[in-house]
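Enquirer: There's a structure below that I have some questions on.
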Amino acid sequence: MWAIAGLISVLLAQAAAFDCSAKELEHYNFELLKGIHSVTSLKDTPPSQTNLTWYFGICEPIKEGLDACPQNSDVCGITSIILKGDSKNRVISEIVSFNTNLQKTYEPFSDSEIDSTGIAISYTGATWGDNSINAALRFVCPPKNNEHILDKFKLDSWDGKKLKASMYSKAACITSDKDKLKPPPKKPDNGESWGWFTWIFIFLVLFLSIYIVGGAWFQYNKGNAIDFSSALREVLDNFVELLKGIPAFSREIIEKFTSNSNRGEYSAV
């Protein structure tokens, strides 16, 4: 019973994740960003350094095992203390998580100051210790004269209560269905891959090899040849005779068809 309840809760959490097929995102192309993104802030705090890394799951939740993030997080922040000269050993001091089942709001915006539009996704209802925390992710459609790095998160602020992060991406531009993510075009074949003719040739060679060797072995086992080499020579001779007869056979077939067509023309007259 408990196992079934746990499975249901996991499925519900995944269903509520940052879903690229959500109705509010149907005019955008967030499939371009599908995956786990991160942004890191490093602060010098002698005699140590404080590393704050935020992870963002776009169109899929963050799985357990990524750093110290809890399972099924949409957004996860990990703060760790690193002693100078000992970067391998670190102490995790803070873990902040916005779970997939939190309430999310999607709000399109238009910013005249940067001459651009986009959509903001907000998380509410999360807790971190005794604190209630929220998150606002702002996805901006890059303007014409864009100087920002695309598809990279920027940590705008984190004060222990609200996370603000932003990203400039074409995924945040209103897109028609026909312009949405399409599979990348196939690279032209520059002779690096084998064509169908090559495969036919290979199979033909294999078939002939099996036919010749198998036929020789059959002749030898039946006692029709003194030794295997004689049997092989006999099969090869028969095969050569067969090849010589192919042109005459083809000519006979062609003549038969052409003569039939001529008879049809005469009868029509």
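Note that Cβ sites are derived from N, Cα and C of the backbone, with glycine treated the same way.
Model, not experiment: these values are computed from the prediction.
Below are the features I grabbed from Swiss-Prot:
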- 18-175: domain 'MRH' (DOMAIN)
- 18-193: topological domain 'Lumenal' (TOPO_DOM)
- C20-C59: disulfide bond (DISULFID)
- C69-C76: disulfide bond (DISULFID)
- C141-C173: disulfide bond (DISULFID)
- 194-214: transmembrane segment (TRANSMEM)
- 215-269: topological domain 'Cytoplasmic' (TOPO_DOM)
Enquirer: How many Å separate the Cα atoms of C69 (disulfide bond) and C20 (disulfide bond)?
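Expert: Pair distance, Cα basis, whole Å: 22 Å.
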Enquirer: Cβ atoms within 10 Å, counted per site: which of C20, C59, C76, C141, C173 has the most, among these disulfide-bonded residues?
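Expert: Comparing the disulfide-bonded residues C20, C59, C76, C141, C173, the most crowded Cβ belongs to C76.
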Enquirer: Between 0 and 100, where does the mean pLDDT of the topological domain 'Cytoplasmic' (215-269) sit?
Expert: 67
Enquirer: Would you count the other C-beta atoms found within 10 angstroms of the C-beta of C69 (disulfide bond) for me?
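Expert: Excluding its own Cβ, C69 (disulfide bond) sees 23 Cβ atoms within 10 Å.
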Enquirer: Please report the distance from the Cα of C20 (disulfide bond) to the Cα of C76 (disulfide bond), rounded to the nearest angstrom.
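Expert: It is 19 Å, counting Cα to Cα.
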